[in-house]
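This report concerns only the one structure given below.
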Amino acid sequence: MASQAAPSCCLVFCLLIAAAVLRPGLGWDTVNSAYGDTIIMPCRLSVPQNLMFGKWKYEKPDGSPVFIAFRSSTKKSVQYDDVPEYKDRLSLSENYTLSISNARISDEKRFVCMLVTEDNVFEAPTIVKVFKQPSKPEIVSKAPFLETEQLKKLGDCISKDSYPDGNITWYRSGKVLQPLEGAVVIIFQKQMDPVTQLYTMTSSLEYKTTKADLHVPFTCSVTYYGPSGQKTVHSEQAVFDIYYPTEQVTIQVLPPKNAIKEGDNITLKCLGNGNPPPQEFLFYLPGQPEGIRGSNTYTLTDVRRNATGDYKCSLIDKRSMIASTAITVHYLDLSLNPSGEVTKQIGDALPVSCTISASRNATVVWMKDNVRLRSSPSFSSLHYQDAGNYVCETALQEVEGLKKRESLTLIVEGKPQIKMTKKTDPSGLSKTIICHVEGFPKPAIQWTITGSGSVINQTEESPYINGRYYSKIIISPEENVTLTCTAENQLERTVNSLNVSAISIPEHDEADEISDENREKVNDQAKLIVGIVVGLLLAALVAGVVYWLYMKKSKTASKHVNKELGNQEENKKLEENNHKTEA
């Protein structure tokens, strides 16, 4: 038996050697695996009934085989060859599927599954491909700024740990950047780590920028191949500060130049549209040919109306690049004549003028005792009711806070004037005597009675309004009496007397003094009556004109009819005469 086994083993070994060296390869399958995953390679052979064992091998670059795993069909035992790079990484299943854990780039080989019978060897090759996704691309070594019309390095786009190597693309605002001589220069490099066999890709971009690139995002991407095909990963956006020279200068005025008034502070601000903006300028004030060098602001304090004019500013190194603005310092002057406290006598004339001088048309408002007047006050003959506090106020509506006001306190004085009236009560039992007093300052009233009779009431007084008031007493005289009313103020003492008959003697009553309020009502009624009368007169006039035109037209028509009748009579007479002549 031993002698028979030996030739059998020798035969199998010879068949393996021959299969490894001489047998041509069959069609192969490809297994794709991600870096670090487990590679699973099924044996694409049908297991024969007389199978002795199965083996796996891989082929070196020179084609020589390296056996890595063995499994007996009878003993169900598995043996792994001593291959250092696959130690503790292999697993061979009962259906002869080979698994390799923790896939590496070095696992990219041609593996062969071998099933051996007593008289034959069957092989199925498998090609292993390992892929490693690169890191997300990143723009590094970014330029702090770019200058217009200058070719300058923008930055490097780098992506690491890729297998196989990938390709890097640059984008401007989402559109692919293509190399362009003198404007876009792209330099691509790749480097492989000798240990991991992974690639690092770097792409440098040199770019000639313009003002249109302001706030425009730049990105890059890496395109690579994975187990499922081609993929692309994009970087984060990068926005660059674009430096460009100043092409225009502007000047601003703070506060807004249409609202500057005397006493304000003016700040001139000069701006250039370059980046970075210029920090120094020359400021030109009205009437000063030489500029004042300073920062981008210049302040004038407590300006007056003579500060009105053209203000300019320019760059230090380009004085021809200049900006200007016109500034108006608004002003408002008010002169009230007379003003303050003025004391006049009743009946005097008092001209009042409020003179305005302003940088533009101003509104003028007159107030008396906080009530707005319809027109300016003018006094040809002063009355007590003209006294009061007058205010002339003016303002420029377009300029906030520019207002002026002056006041006049008018005092109208007058000596006491007295008028006495009497009235008999309808019952005939008493008489009311009234002393009407006019004057300012307010006169004090005293009563004196000469004769006999009882005084019923002597304390009633009216309110003092517009320099007038009255005092009245009610008496029942038993005989004729004389009542004396005395009114006195700081200017004069005035006395007036009134004879009153006994209560038993009838006498004519005198009308009461009309109060200011009643006087105004009477005036209003008189105005109404006058208006009605004028209206009636106008209506009568219109009616008369219409009647006259009608009569004139009627007379003309009558004359025309009479003329026609006369002509007819004349014709009849002529005919009669003709008949007589013929006869």
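Glycine is treated like the rest: Cβ placed from N, Cα and C.
As recorded in TrEMBL:
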SIGNAL    1-27  signal peptide
DOMAIN    125-234  domain 'Ig-like'
DOMAIN    245-328  domain 'Ig-like'
DOMAIN    347-409  domain 'Ig-like'
DOMAIN    416-501  domain 'Ig-like'
TRANSMEM  528-550  transmembrane segment
REGION    561-583  region 'Disordered'
COMPBIAS  569-583  compositional bias 'Basic and acidic residues'
Counts of helix, strand and coil residues, the domain 'Ig-like' (245-328), according to DSSP: 6 helix, 39 strand, 39 coil
The domain 'Ig-like' (347-409) - residue tally per DSSP class, helix then strand then coil: 3 helix, 31 strand, 29 coil
The domain 'Ig-like' (416-501) - residue tally per DSSP class, helix then strand then coil: 0 helix, 62 strand, 24 coil
Structural state census, the domain 'Ig-like' (125-234) (DSSP three-state): 3 helix, 70 strand, 37 coil
